[in-house]
């Protein structure tokens with residue numbers, strides 16, 4: 001048994017067989033074979049190995065002819081490795097003595113060597129682990145033949161373990177077969193993490209190197225609530241987690257019952273709960289969970305998934321699909337929030353050396369310099385707005401001038417539509433994200449020029465505390481509970497109240513049950529959260545009273561450190577929801 | 001039953017040490033003999049017929065190894081491996 005710790009990004013427990021992506025991107029269907037089949041299995045292994053050797057010899061021949069002996073030597077070495085009697089003997093021994101399936105034995109033994117190489121402390125040898133993974137893949141491919149299952153067509157439930165998953169890979173995971181996942185890299189607000197929440201799969205990211213510790217088909221537990229990945233658990237641990245898994249299921253069932261109840265506090269104040277979504281189809285899931293609209297539709301996934309730049313029609317269709325789930329409820333569309341970390345293909349730019357991408361050309365700044373891109377999206381939003389209560393939200397606004405410029409371009413676009421006689425909505429509500437400290441400080445002034453604010457806590461924390469959200473080394477600084485963040489939220493809420501415009505929070509902070517009573521106490525009456533958390537947040541709201549929440553907020557406002565704030569809120573949360581598994 | 005151990009010291013003279021291809025040449029050479037062939041660096045002992053084992057020696061340029069051979073064709077094996085380290089590997093890497 002081996003326990004690895006990472007960052008918990010999507011709660012729940014998943015128990016199952018591992019599928020290790022990258023080195024071996026297919027599933028090992030069975031781990032054991034019957035005693036009577038051992039000889040046949042060993043024979044099957046030898047035939048596969050022979051086929052791999054023939055394959056490598058062919059590579060060697062081609063390399064020698066085309067590139068010369070020097071390059072062919074790599075394949076000569078591969079051939080020696082795959083025939084290495086130490087490896088072959090060990091694999092056959094595992095099959096014969098432990099009845100391992102050849103696939104499982106191959107994965108185990110090759111990975112043990114890869115691990116050994118990685119641990120020698122010599123960079124050249126550590127890199128040779130890649131050669132070993134390559135050989136493992138070759139042998140498995142032969143062994144599995146037509147039976148091999150790749151990521152796209154997995155046929156049995158697995159836990160995905162990978163170095164990293166791209167947003168589109170994460171999105172393409174089939175929920176029927178993928179029980180959860182863990183990655184070596186990534187942080188709380190990485191896009192993979194956000195998608196895991198959207199897919200409602202237990203997930204742990206930022207685990208560090210662990211893939212060579214696990215073989216394909218090993219039993220693995222992913223504890224997405226506590227950020228643990230347990231490889232090859234012992235019987236006691238397994239039993240404990242089976243119980244936790246059951247508890248989670250009961251908890252979810254209870255939340256299901258709350259779905260149709262209104263989101264009001266004990267003293268009758270309504271707190272509107274909206275969903276944050278990345279894909280149009282999630283709108284239906286937000287509605288099904290009791291969401292009252294969409295508080296944040298992150299449109300950049302339109303760009304990331306497409307191989308070409310999306311057309312006005314692509315935008316229009318996606319927005320109409322979201323409106324289908326909420327024909328009469330607010331749907332807030334955030335315009336392009338592309339940044340250095342999420343640029344589409346063909347759009348990647350080089351930042352000049354010495355320039356910090358997070359502080360450079362991203363989000364609304366990028367839109368204002370690529371007007372074609374921006375206009376295309378604004379036209380689609382204005383047209384789709386005919387079919388429901390669509391609203392526009394500009395991200396990363398830092399100054400009033402920037403906001404006015406964005407609004408001016410919107411005005412131009414509407415004028416064009418008018419001239420072209422295309423149906424659109426003239427009085428489409430315009431709001432902005434509050435995620436740059438300069439804007440939060442100037443909230444009073446901004447409140448005169450927009451119709452709503454939405455506080456984006458992820459970037460607000462990053463910029464206020466000058467801490468990259470992706471860097472685990474400074475995770476102690478990147479904290480929603482920091483008193484500076486709470487004060488900035490207070491400023492924005494007060495500005496909204498004094499001008500009578502609605503304020504919501506759509507960052508990760510509002511999806512964290514810990515912070516919900518505080519946000520309500522600070523005066524927020526709208527929260528936009530990950531759809532699957534809507535029932536849990538609603539249950540919490542239904543236990544609050546405004547006066548209690550305000551008292552709690554007043555106490556928090558007197559605290560000086562994030563540690564004090566968070567430990568106080570944890571204590572309060574336990575009192576409110578003693579049975580919550582999180 | 002004790003067998004005579006043929007023991008010699010060898011020095012790694014290849015430019016980058018015992019990398020993948022020198023290892024595979026050593027293993028190829030060792031595999032031609034019936035004898036058991038071992039190479040030791042400090043406390044790490046590797047089966048010279050296993051390219052993977054040889055690599056775990058992590059022997060850099062200038063590393064001193066001990067060659068140990070037992071078996072009926074041991075003298076021939078020792079000579080072949082020594083020749084490899086002294087001449088073939090050196091000229092191949094330059």
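Each Cβ is built from the backbone N, Cα and C atoms, and glycine gets one as well.
Unlike curated records, TrEMBL annotations are generated automatically.
Per TrEMBL, the candidate among A:289, A:298, A:375 that belongs to the phosphoenolpyruvate site alongside A:334, A:458, A:459, A:469 is A:298. Other Cβ atoms within 10 Å of the Cβ of residue A:459 (phosphoenolpyruvate binding site), summed over all protein chains shown, number 24. Here residue A:435 (Mg(2+) binding site) is positioned 5 angstrom away from residue A:459 (phosphoenolpyruvate binding site), judged by their C-alpha atoms. In terms of DSSP secondary structure, the domain 'Phosphotransferase system enzyme I N-terminal' (A:5-128) contains 85 helix, 16 strand, 23 coil. In the three-state DSSP classification, residue A:459 (phosphoenolpyruvate binding site) falls within a helix. Following the DSSP three-state reduction, the secondary structure of residue A:435 (Mg(2+) binding site) is coil. Using a 10 Å Cβ-Cβ cutoff, residue A:506 (active site, proton donor) registers 29 neighbours. Note: the CA-CA distance between residue A:458 (phosphoenolpyruvate binding site) and residue A:435 (Mg(2+) binding site) rounds to 8 Å.
Within 10 Å of the C-beta of residue A:458 (phosphoenolpyruvate binding site) there are 18 other C-beta atoms, taking all protein chains into account. Residue A:469 (phosphoenolpyruvate binding site) counts 19 other C-beta atoms within 10 Å of its own C-beta, drawing on all protein chains shown.
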